[in-house]
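Here TrEMBL flags 1-257 as domain 'Cytochrome oxidase subunit I profile'. Here TrEMBL flags 33-58, 70-92, 112-132, 144-165, 185-206, 295-313, 319-338, 371-395, 407-430, 442-466, 478-501, 522-541 as transmembrane segment.
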């Protein structure tokens, strides 16, 4: 288990240097080719550890032949084949020869089918009893597997040869006499066999199953906790959250399911009629808090729908409905937060079961929300870093960046923006500290002034680039992009500040229950950093470049 975790982390780390192997033929410098080729080869180590760990588990364990296991075995075989050709393509000289040929098509399909399609189908067969309390057909499942497995190899294995013989991808026709005809005919036949296999699989999913007897709980005799579910015909949740001491509690902890159903573990009853769960420590899963969670509501679906529209409509240049979707999405999110998550709990602590009394509220680094903001902003900061990297990439790669006689961002307005946005950040942090010290009047004053400073700073930064035409050169375009980034994030920050101010005024945000302002302060920490970087790039670049 430890090896699997470490290898998965290693794969994720190395993936930052893997994506460039799709660009070996774009004219990269030799030193870049060497670095990213080495990274592409190095990923073999953690991936190989995972494959051998899977195989060792199968060899050392008592494997029960089943339909999901058959699909997983096929996935391992196909993915390993794709990995072997990946080792070849990680070498830049070989990639130069095979790039944009059918060798690439074969490689990517072996990795995609082995890494995703076969495991997903295995999961469908494994978890289908959760849906209808019945298994899918063993006979149809095996027929579907062999049709897809044989058809897949008939289709894509010959493509390794056609690719090495020079057949390019993305070309829909070719003249006769090139030696590809026979292998392409085999691939065509294999594609029809794959289609037949998927047709059998789909029929197995949709066929009537009312004549099959219902299954008992845990039909696979699995050891993991999800199979404690008794698969009823109505909404169901565990009666109590178990205390788990093993990775396979259903095997290693006798009577655990009976004790869960009898309510002998954590949170056996919902006295307040609301949803609750446990927050635990990271390493040893020790319960540290009872977390109140929201119930089902349509408002979250509407928020997601309008958020999608805000991003989709601009791609068709439908800007009025996009703006409307932005407003509606913000309104739905604020309404959901205000009516569900912003309510303080009825008591500071409660009996969680097993003789344990836990707090019902946490803020700052002890809360789930704070870490959610941290992770979200870490991704946001990565995107911002990519934008700044683009500025300096053009500086190093383009001989006329910035072009001669180019206009620059107004330095006075850039400095004013930096000062005002930094003031807004300081006022937000100050409001959090004043609120914690029970100086609510001063905290409200800070939160009343902070949005004005933020809006003023955003306006100043946008004003600094008004004289630049972004369509004439990449230099003014990047400056506009940086200014818009900061202005949009400042607008989001203003909404957060006003939300916290409203929470203070209506008693939802107090010195004791202050998670919202902790989260907003963390957002502004990240935003303040991006403001300083942006203003440094925009204000100092004319003199430095």
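Yeah, the Cβs are placed from backbone N, Cα and C, and that goes for glycine too.
Between the transmembrane segment (371-395) and the transmembrane segment (522-541), the number of CB pairs under 8 angstroms, six or more residues apart, is three or more, so the stretches are in contact. Scored on C-beta pairs under 8 angstroms, the neighbour of the transmembrane segment (33-58) with the top count among 70-92, 112-132, 185-206, 407-430 is 70-92. Counting Cβ pairs under 8 Å that are 6 or more residues apart, the transmembrane segment (295-313) and the transmembrane segment (185-206) reach fewer than 3 and are not in contact. For the domain 'Cytochrome oxidase subunit I profile' (1-257), the model gives a mean pLDDT of 89. Cβ atoms under 8 Å from those of the transmembrane segment (319-338) belong to residues 294, 297, 299-300, 302-303, 306-310, 313, 495, 499, 502, 508 of the same chain, restricted to positions at least 6 beyond its ends.
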